[in-house]
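What follows is one structure encoded as structure tokens, with my remarks underneath.
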Amino acid sequence: MNSTNSGPPDSGSATGVVPTPDEIASLLQVEHLLDQRWPETRIDPSLTRISALMDLLGSPQRSYPSIHIAGTNGKTSVARMVDALVTALHRRTGRTTSPHLQSPVERISIDGKPISPAQYVATYREIEPLVALIDQQSQASAGKGGPAMSKFEVLTAMAFAAFADAPVDVAVVEVGMGGRWDATNVINAPVAVITPISIDHVDYLGADIAGIAGEKAGIITRAPDGSPDTVAVIGRQVPKVMEVLLAESVRADASVAREDSEFAVLRRQIAVGGQVLQLQGLGGVYSDIYLPLHGEHQAHNAVLALASVEAFFGAGAQRQLDGDAVRAGFAAVTSPGRLERMRSAPTVFIDAAHNPAGASALAQTLAHEFDFRFLVGVLSVLGDKDVDGILAALEPVFDSVVVTHNGSPRALDVEALALAAGERFGPDRVRTAENLRDAIDVATSLVDDAAADPDVAGDAFSRTGIVITGSVVTAGAARTLFGRDPQ
């Protein structure tokens, strides 16, 4: 695959400093240690361990206010938009998101950039003795042999400690999974953001959407005495979910701002490299906003982020955020792995869609914002996902699909994915490849052949494309193959 680079990603380039081999080795060692703990997909409904660790660390999460983001789809994009807006308003930010695409350092960002491998390792080593103490206490608790701290709990503690050390003015905190029992819920955020909720992580959160909403609504917490009410900023939801979220907001005495009621997307126009928006915020109308991301769903993410930042700064009917700062913030937004272009001629996109809702948003964007005449999907999906739902959403926009394996032990094997794809696409439209690199080569051959077809030719390669999708792991692995640095 001549157009890609198979070397390891430069885990520190986003900071402007290239990490040394020793620093990379230390980072890998820390990751190995963290991987010995409970994985992020395993939930124990308790905040006892993370709360105890925060107490030992001096409650770093209380040293700055936070904007807390839960939901099913769009959390990371909203978090990155909030980060960019707050930065444009001259506040120092810390941001923690999950999972990472390429390097674990992406999970902890300060001033909009991932911390360096050296900082990541130093932060872990700083809290490591206290983590060991909590492990011992938990395992000895009441003689029951409780669990040690999970990987995500330790990562969350690292982020909160790094933010306090920086120090930051505002933390932008994305929930890992769920909300109520998520390790991030040791904060008491003045602004709780809920992106659209759908069914995902069925093995861990269940298949009852009202129950899922109840878990995610757990981040809407009562404000401390003497503080302004918490504000719940809620994106578009189905009625059953909205009912749960509003009930939780009442319980927490939280003010509520809902999309299409208190804020809305008024207008969007497709533009080169993204879209131009007119948004109704809590403080008024913001016009001529260029967002360098594709898709109607990103416009809704943008207005959700705007309302969240307005709520944080107290904007409302009598006070609007600075319009130039808002425009500058949105113009600076990046969201790696979200319909991100890797190359042109033929066009290659990667997208981290990993559930039916995400796949539907991807398909809608491809159908409405591009003029492809022949499009090939490269697909690897994790085995615990709704594979058929993802395939059903993508089938109308992909002429062919190449199914493969992204290297994750959780990924569905190629044979099983090919069988599922054949049922949706028909066997003639399905190809297989053992690994992602080979799959991209197969897809490239397919678009080369299509470009030579007189029914497609005219704009040739500009009318053919490849989309690599199916999971965050797939998008991250592809990003590394194309030589992109972690962001």
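Cβ coordinates come from backbone N, Cα and C, glycine included.
Marked as 7,8-dihydropteroate binding site by Swiss-Prot on the basis of similarity to another entry: Asp44, Pro45, Ser46, Ser150, Lys151, Phe152, Glu153, Trp181, Asp182, Ala183. Sequence-distant contacts of Glu153 (7,8-dihydropteroate binding site), defined by Cβ-Cβ distance under 8 angstroms and a gap of at least six in the same chain, are Arg49, Ile50, Leu53, Ala183.
Among the features that Swiss-Prot reports, ATP binding site is placed at Gly74, Lys75, Thr76, Ser77, Asn301, Arg338, Asp351, Ala352, Ala353, His354, with the record citing a large-scale study or a structure entry. Contacts of Asn301 (ATP binding site) defined by a Cβ separation under 8 A and a same-chain sequence distance of 6+ are given as Gly74, Ser77, Val78, Met81, Thr195, Gly235, in order along the sequence.
Note on Ser98 (Mg(2+) 1 binding site): other Cβ atoms within 10 Å of its Cβ, all shown chains, come to 20. DSSP assigns Ser98 (Mg(2+) 1 binding site) to coil in the three-state reduction, placing it in neither a helix nor a strand. Sequence annotations record features per position, and here Swiss-Prot assigns Mg(2+) 1 binding site to Thr76, Ser98, Glu174.
The Mg(2+) 2 binding site annotation in Swiss-Prot covers His201, Asp203, Asp384.
Using Thr76 (ATP binding site) as the reference Cα, a 10 A cut-off selects Ser98, Glu174 from the binding-site residues Ser46, Ser98, Glu174.
Taking only the Cα positions, the spacing between Asp384 (Mg(2+) 2 binding site) and Ala353 (ATP binding site) is 14 angstrom.
Among the residues the record lists as binding ATP, namely Gly74, Lys75, Thr76, Ser77, Asn301, Arg338, Asp351, Ala352, Ala353, His354, the two farthest apart have Cα atoms separated by 17 Å.
Counting only same-chain residues at least 6 apart in sequence, those with a Cβ under 8 Å from the Cβ of Ser46 (7,8-dihydropteroate binding site) are Trp181. Spatially, by CA atoms, the binding-site residues Asp44, Asp182, Asp351 include one closest to Ser98 (Mg(2+) 1 binding site), and that is Asp182. Cα spacing between Asp44 (7,8-dihydropteroate binding site) and Glu174 (Mg(2+) 1 binding site): 18 Å, rounded to the nearest whole number. Under 8 Å, Cβ to Cβ, and six or more positions away along its own chain, Lys151 (7,8-dihydropteroate binding site) finds Leu34, Asp35, Arg37, Trp38, Pro39, Glu40. Distance from the CA of Glu174 (Mg(2+) 1 binding site) to the CA of Ala353 (ATP binding site) is 17 Å.
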